[in-house]
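First the structure, in the form of structure tokens, and then the observations on it.
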Amino acid sequence: MGWHDKKHWRGEVERSARVSKDIPLKDDVIGVKLYQWIPWLCYLDWHIRPWVYFDSVPHMVAWYGSFGFYFGCPWFIVGSFAAIAPAILNTDTDVPHSGHCGGNAWDILVLDFFLIGAVIWTPACYCQMLDGANHGYEGRWEEWLMGGSQGKKPKYRWLAFEPRSLEWWGGTIYFLGILTFVIPAVAGIVFDCNGRSAIVKTWLYDYMYMAGGVAFFLGGVFYIMAWESLWLLPGIIPMSLPDIKSFRWWGLFLYFWGGVCFIVSGAFFYWLTPEHYTLSMLEYQIELGIGYGGGTVLYMVGAALLLCRLSRARCRRSYHMIHNRLEPTNAPTEEFPHAPIPIVPLRYSLDKALVEPLSSWRNVSVEQARQIIKERVAEFEKTGKDPFVRHSFHPTVNQQLPYGLPSSHAKGVSGLMRTSYVPANYLPTRQPNAPYQQAIFLLGFAA
């Protein structure tokens, strides 16, 4: 296992540990022996076994948020490059044509393909908005479940307003942007069959694409601000080796530049309006081919990288802790994109994603793993010996974990066991059910 530290603009320091490559993966984690024989195929798990990401609503939303982008891109790419081919462009007409409404090359390869791509992207953008609105849901759910299902049950919100979340703003702006693409895609088909006036074409076609370009650019900006830096520059220029090796960094980088291509192409539509039509054929081809076609290629590659990151988290488990936070946090990280362990004074929780590796290495179910942990916590309370780690040091009751100490300097922190990352180790409080609710739960068993 290896440590990875990263300081974020919010002030917290993330520490994460990735499981060693030599840990054998069991069939109940990867589903097939193929990943044991060809490990790099694990990064394509999103494509090989898409059904495994439907095990929960948050996983399904996260998967389709990127997969919908990826799958919708080929339709936009074909439509963009078909629109600049002279042979196809010459079949376009702005007046009703008897017997050929929706049936020529322009109608099929441009109008229909753009509409299909926009329809696929619409739920994907909505899923990205949901992902931002329900940030940390899995961690809250597991904390509630492991606390005896007491208190208010966390709910997954399908409609939410989270103006304090930059991630929510990014997804929301993407969603509004794709709606401005659906409108001209539908309008293009309607106009092809029924004709169009200059004013209708300007507002429902040209201006809509201009607004969509602005939205996709701003959406990429908000995602970089949410995940990399408010200053934006670290999301455009790699500032460290972890950035260069990061799927997330490159995915957001390509999303940003895809948005740049879209906003530039959208600006060209001003000169495609009937009253300002001044573009030459070459300028038109550059506007659509490089702008929308090239921008969509960037989005497709970026979505594939984010899906590879999602697959890696599914097949190669990593464990994560955050220091210097006064409140529980479930902020995803590059090493662990779902719900990390909240580390706060006298309050710890067990995350489902940490139970799953235990079940895979021991060939037990998640429920059996939870039962094992309950029994070992009871043993811990009875004997005072922590059955999960190889350390004899125990701070006194109610002593808080010192913040910001690396594992090599804090005796209460361990993390380099061969099969598990142990965030901390201290005696539980004297509150009811504290050994299970507030004591730290340490996963994995030393080999």
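Each residue, glycine too, has its Cβ placed from N, Cα and C.
Predicted automatically and left uncurated, TrEMBL annotations should be read as such.
Annotated range for transmembrane segment in TrEMBL, selecting from 166-187, 342-363: 166-187. Using a Cβ-Cβ cut-off under 8 Å and counting only residues 6 or more beyond its ends in the same chain, the transmembrane segment (108-127) has close neighbours at 61-62, 64-69, 71-76, 78-79, 82-83, 88, 92, 102, 171, 174-175, 177-179, 181-182, 185-186, 188-189, 192. Segment contact is absent for the transmembrane segment (166-187) and the transmembrane segment (67-88), given fewer than three CB pairs below 8 angstroms at sequence separation of 6 or more. With a threshold of 8 Å between CB atoms, the same-chain residues lying at least 6 positions outside the transmembrane segment (67-88) that come near it are 46, 50, 105-106, 109-111, 113-114, 116-118, 120-121, 123-125, 127, 281, 284-285, 288-289, 292-293, 296-297, 299-300, 302-304, 307. Among residues of the same chain six or more beyond the transmembrane segment (207-226), those with a C-beta under 8 A of the stretch's C-beta atoms are 132, 165-167, 169-171, 173-174, 176-178, 180-181, 183-184, 187, 232, 235-236, 252-253, 255-260, 262-267, 269-270, 273.
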